[in-house]
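Data block below; observations after.
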Amino acid sequence: MANYFNTLNLRQQLAQLGKCRFMARDEFADGASYLQGKKVVIVGCGAQGLNQGLNMRDSGLDISYALRKEAIAEKRASWRKATENGFKVGTYEELIPQADLVVNLTPDKQHSDVVRSVQPLMKDGAALGYSHGFNIVEVGEQIRKDITVVMVAPKCPGTEVREEYKRGFGVPTLIAVHPENDPKGEGMAIAKAWAAATGGHRAGVLESSFVAEVKSDLMGEQTILCGMLQAGSLLCFDKLVAEGTDPAYAEKLIQFGWETITEALKQGGITLMMDRLSNPAKLRAYALSEQLKEIMAPLFQKHMDDIISGEFSSGMMADWANDDKKLLTWREETGKTAFETAPQYEGKIGEQEYFDKGVLMIAMVKAGVELAFETMVASGIIEESAYYESLHELPLIANTIARKRLYEMNVVISDTAEYGNYLFSYACVPLLKEFMTTLQTGDLGTAIAEGAVDNAQLRDVNEAIRSHAIEQVGKKLRGYMTDMKRIAVAG
C-alpha cells in the first residue's frame with residue numbers, strides 16, 4: 001500500500017491540509033438522531049473505545065463491542081471493561097455483519113490487521129469510523145468502495161471525553177469524511193451524529209480532513225505536546241541538580257511545574273501565562289523564548305518535513321515490524337534517567353513559586369507552542385487546527401506528568417506519539433546543551449530579583465506576546481468554548 005497523501009498532486013495535498021471550518025452550533029440541531037435505531041459496533045475497548053461508547057450509549061445509541069476471540073476467551077481487560085459496564089460483547093463474526101457503523105478504536109499499529117479482519121464481514125453500504133486517520137493517510141489502507149469512511153477525533157484523552165460529557169459538556173472535536181469513500185454522500189451526517197453522541201458539539205467541532213488531522217496531530221504530539229515536555233524535564237532537572245538544588249525539590253518543581261504553568265495557558269493563552277510573572281521575569285522569559293525559537297526552529301521544521309513526506313511514518317512502521325525495538329529501548333532508557341528516579345519531595349511548593357522559579361520552563365512552553373503553531377501554519381495547516389494540536393492539548397499532557405512523571409505521559413499517549421516524542425527529545429536535549437550553559441541566576445530554581453524595567457521595552461514585549469497569531473485564534477476558540485459551555489449548562 002502507498003502512503004495516501006503521497007498519491008495526491010500538490011493542489012490536492014494543499015486543499016486537504018488546509019481544510020478546516022468551525023461548525024455552527026445549529027448544524028448539530030438533530031443531535032445523534034441520524035444514528036439512532038442503527039447498530040454501532042466498536043472494535044477496541046481502551047480509553048477512547050470505552051469512554052466514547054459510554055457517551056454514545058447515554059445519547060441513545062445501540063452500542064456493542066467486537067473483540068478478538070482470544071480476548072473474550074481469556075477475559076482480557078477489554079472484555080472485562082465492556083462487560084462490567086453492561087455492554088453486549090461478541091466476536092467479529094458475531095457482530096460486524098449486522099453493524100451499520102463499525103468504529104475502529106484500537107491502537108494505530110493494530111489498524112491494518114483489524115481493518116483487514118472486519119472489512120470482509122461488513123455488510124454492503126456500512127460505514128467505518130476512526131478517531132485518528134493514520135491508517136488511511138500514512139498506511140494508505142484501501143477500503144471497499146461501498147463503505148463510507150468517517151472520522152471523529154476528540155482532542156482529549158478518552159477519560160476527559162467521558163468526564164466532560166458527564167458534566168453536560170464535551171471536548172473540542174475534529175470530524176472528517178474520506179473523499180475516496182463517501183458513496184452515498186452520507187458521511188458528514190454520520191460524522192456529525194457520532195460527534196454529537198460523544199458530546200463534542202457542545203465544545204466546538206472543526207470540519208477537517210483525514211490529512212489535516214493526521215499531519216497536525218503528529219506534529220503537535222512529537223514537538224510541543226510530548227517531545228518538548230520530555231526534553232525540558234530532563235534538561236531542567238539536570239541543570240538544577242548541577243547547580244546544587246536538592247534533587248527531590250528539583251523533581252517536584254518540574255513534575256508539577258508544567259501542570260501549574262499550563263493551567264494559566266489553558267485559561268488565557270500565552271498572554272496569561274506570561275502575565276503571572278513579574279515584569280523583570282516576563283522580559284527575561286521573553287528573551288529566553290526568542291533564543292530557544294532560533295535554536296529549535298530547524299528541528300521543528302525537520303519534524304514537519306518528515307511528517308509531510310511520510311519519512312516519519314515509514315520509519316516508525318519499520319520499527320513496528322521489528323517488534324518495537326527502538327521504542328522499547330527508548331522507553332527503558334527514559335525510565336532510568338535521573339529525573340525519573342529522583343526521590344519525592346515532601347514539602348509544599350506554592351503556586352506562584354512554580355512561576356517565579358520556573359522562568360526557563362515558561363520560556364520553553366512559549367517557544368514550543370509558538371514554533372509548533374508557526375511550523376504547521378507555514379506547511380498549509382489552518383490556524384484553528386494548529387491551535388488545537390499545540391496550545392489546547394498541552395495542559396492535558398502536562399497533567400499526566402504531574403501524576404507519575406514522564407512514565408505516565410508515555411503510558412497514556414499512543415505508541416505513535418511516544419515514538420515521535422523520543423525522536424524529538426533525543427535530538428533536542430543535545431541541541432540545547434550549550435544554551436543551558438548560558439543561563440543566569442533567576443532563570444531556573446531561584447526568582448529573578450526585582451529591578452527597574454524600561455517602559456518602552458515592556459510595552460513592546462506585551463504587544464508582541466498578545467499579537468501573535470496563536471493568541472488571536474486562541475482567544476476566539478476559547479471564547480466559543482466558554483459560550484457553548486454556558487449554553488450547555490443553561491440547557
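Cβ atoms are placed via backbone N, Cα and C, with glycine included.
As annotated by Swiss-Prot, active site applies to H132, with the evidence given as sequence analysis. The NADP(+) binding site annotation in Swiss-Prot covers C45, G46, A47, Q48, R68, R76, S78, D108, K109, Q110, G158 and is backed by sequence analysis. Residues or ranges marked as Mg(2+) 1 binding site in Swiss-Prot (evidence: sequence analysis): D217, E221. Taken from Swiss-Prot, the feature Mg(2+) 2 binding site applies to D217, E389, E393, supported by sequence analysis. Taken from Swiss-Prot, the feature substrate binding site applies to S414. Per Swiss-Prot, domain 'KARI N-terminal Rossmann' is recorded for 15-208, and the stated evidence type is sequence analysis. Residues or ranges marked as domain 'KARI C-terminal knotted 1' in Swiss-Prot (evidence: sequence analysis): 209-344. According to Swiss-Prot, the feature domain 'KARI C-terminal knotted 2' maps to 345-484.
All features noted in Swiss-Prot, drawn onto the structure.
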residue : record                : Cβ within 10 Å
C45     : NADP(+) binding site  : 27
A47     : NADP(+) binding site  : 17
S78     : NADP(+) binding site  : 21
K109    : NADP(+) binding site  : 21
H132    : active site           : 23
G158    : NADP(+) binding site  : 22
D217    : Mg(2+) 1 binding site : 26
E221    : Mg(2+) 1 binding site : 25
E389    : Mg(2+) 2 binding site : 28
E393    : Mg(2+) 2 binding site : 23
Looking only at the domain 'KARI C-terminal knotted 2' (345-484), how are its residues distributed among DSSP helix, strand and coil?
105 helix, 0 strand, 35 coil
On the DSSP side of things, how many residues of the domain 'KARI C-terminal knotted 1' (209-344) fall into helix, strand and coil, could you say?
117 helix, 0 strand, 19 coil
State the mean pLDDT for the domain 'KARI C-terminal knotted 2' (345-484).
95
Have a look at the binding-site residues C45, S78, E389, E393 and say which one has the shortest Cα distance to D217 (Mg(2+) 1 binding site).
E389
Checking the spread of the NADP(+) site as listed (C45, G46, A47, Q48, R68, R76, S78, D108, K109, Q110, G158): what is the longest Cα-Cα distance, in whole Å?
21
Of all the binding-site residues given, namely R68, S78, K109, S414, which is spatially nearest to E221 (Mg(2+) 1 binding site) at the Cα level?
S414
List only the single closest residue to E389 (Mg(2+) 2 binding site), chosen from the binding-site residues A47, K109, G158 by CA-CA distance.
G158
Round to the nearest Å and give the CA-to-CA distance linking A47 (NADP(+) binding site) with S414 (substrate binding site).
11
Using the Cβ center of D217, E389, E393 as the Mg(2+) 2 site position, which other residues in that chain lie within 8 Å, going by their Cβ?
K155, S216, M219, G220, E221, L225, Y388, S390, H392
Those residues of the chain, 6+ apart, with a Cβ under 8 Å from that of R68 (NADP(+) binding site):
T91, Y92
Around the Cβ of the residue listed as 'substrate binding site', the count of other Cβ atoms that are within 10 Å:
18
Between S78 (NADP(+) binding site) and S414 (substrate binding site), how many Å separate their Cα atoms?
17
According to DSSP, does S78 (NADP(+) binding site) fall in a helix, a strand, or coil?
helix
Rounded to a whole number, how many Å is the Cα of C45 (NADP(+) binding site) away from the Cα of E393 (Mg(2+) 2 binding site)?
23
Do you know offhand how many angstrom separate G158 (NADP(+) binding site) and S414 (substrate binding site) by C-alpha?
12
